[in-house]
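Engineer: Straight from TrEMBL, here's the annotation block:
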BINDING   LEU20, ASN27, LYS156  xanthine binding site
BINDING   ALA128, ASN129, GLY130, CYS131, ALA132  5-phospho-alpha-D-ribose 1-diphosphate binding site
DOMAIN    53-147  domain 'Phosphoribosyltransferase'
Amino acid sequence: MKLLEERIRKDGIVKPGNVLKVDSFLNHQMDIELFSEMGKEFKRLYEGCPINKILTIEASGIGIACIAAQYFHVPVVFAKKTQSINLDGDVYSTKIQSFTHRRIYDVIVSKKFLSPEDHVLIIDDFLANGCALEGLIDIVKSSGATIEGVGIAIEKGFQKGGDLIRGKGIRVESLAIVDGMNAETGEVFFREQ
Ligand code: G4P
Ligand code: NA
Ligand code: NA
């Protein structure tokens, strides 16, 4: 998506360690007009798919998922990160390992909000190693719902997540795929799609 790529070029900041900071428009301060265009693009890409629910994960996925949901006319469910050791039987739960934060956390979704009749689009801001996404996929599978696909704002194409998830036969649409970054010059290289 050209609009997102241009915005990343203009306002994204390349940090050492292959980290792309986009907190002025995507995951701290949020540009809602940009989110609307992203939502329309997800809708265009998934036109014709019987999606009745969007699933995301707190925190940064929520804003993008909510604006996208206005074009799909479906509710958004967000998976909650929790510390609680005593998980009751009313929730689907999975463990997610964060490489960035070097820890493992439990993620839950109430069984009330996902069931075998659901056709789910999973949305998130970043796809890097794919751990968050694997966790969300795990939760949808335990519910018996169908995964229609995944919508990502920014995929870091040089990390393993994209190949990993597509390798499972799951459709992944990323609005911008970054294939490389140069922290010295600030350049960001996008994959042609
Ligand atoms: P993974 O889920 O794809 O395996 O990612 P990883 O563990 O490597 O990343 C952990 C967190 O860092 C995730 O957010 C992910 O979205 C984010 N992230 C990964 N690479 C980048 C990057 O280059 N730039 C930015 N800005 N974020 C990146 P999170 O901790 O789950 O949460 P939240 O921010 O949504 O609360
Ligand atoms: Na995220
Ligand atoms: Na994030």
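Each Cβ is built from the backbone N, Cα and C atoms, and glycine gets one as well.
Please situate the listed features within the shown structure.
Structural biologist: Here ASN27 (xanthine binding site) comes close to ALA59, SER60, ASP125: these same-chain residues lie at least six apart in sequence, with C-beta atoms under 8 angstroms from its C-beta.
Counting only residues at least six positions away in the same chain, the Cβ atoms of ILE57, ILE96, SER98, ASP124 sit under 8 Å from the Cβ of ALA132 (5-phospho-alpha-D-ribose 1-diphosphate binding site). In the three-state DSSP scheme, ALA132 (5-phospho-alpha-D-ribose 1-diphosphate binding site) falls into the helix class.
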Engineer: If you measure from the Cα of LYS156 (xanthine binding site), which of the binding-site residues ALA128, ASN129, GLY130, CYS131 is the nearest?
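Structural biologist: Checking each of ALA128, ASN129, GLY130, CYS131 against LYS156 (xanthine binding site), the shortest Cα distance is to ALA128.
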Engineer: Please state how far apart, in Å and to a whole number, the two most distant Cα atoms are among LEU20, ASN27, LYS156, the recorded xanthine-binding residues.
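Structural biologist: Taking every pair among LEU20, ASN27, LYS156, the longest Cα gap is 16 Å.
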Engineer: Of all the binding-site residues given, LEU20, ALA128, CYS131, which residue's CB has the most CB neighbours within 10 A?
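Structural biologist: The residue with the densest Cβ neighbourhood is ALA128.
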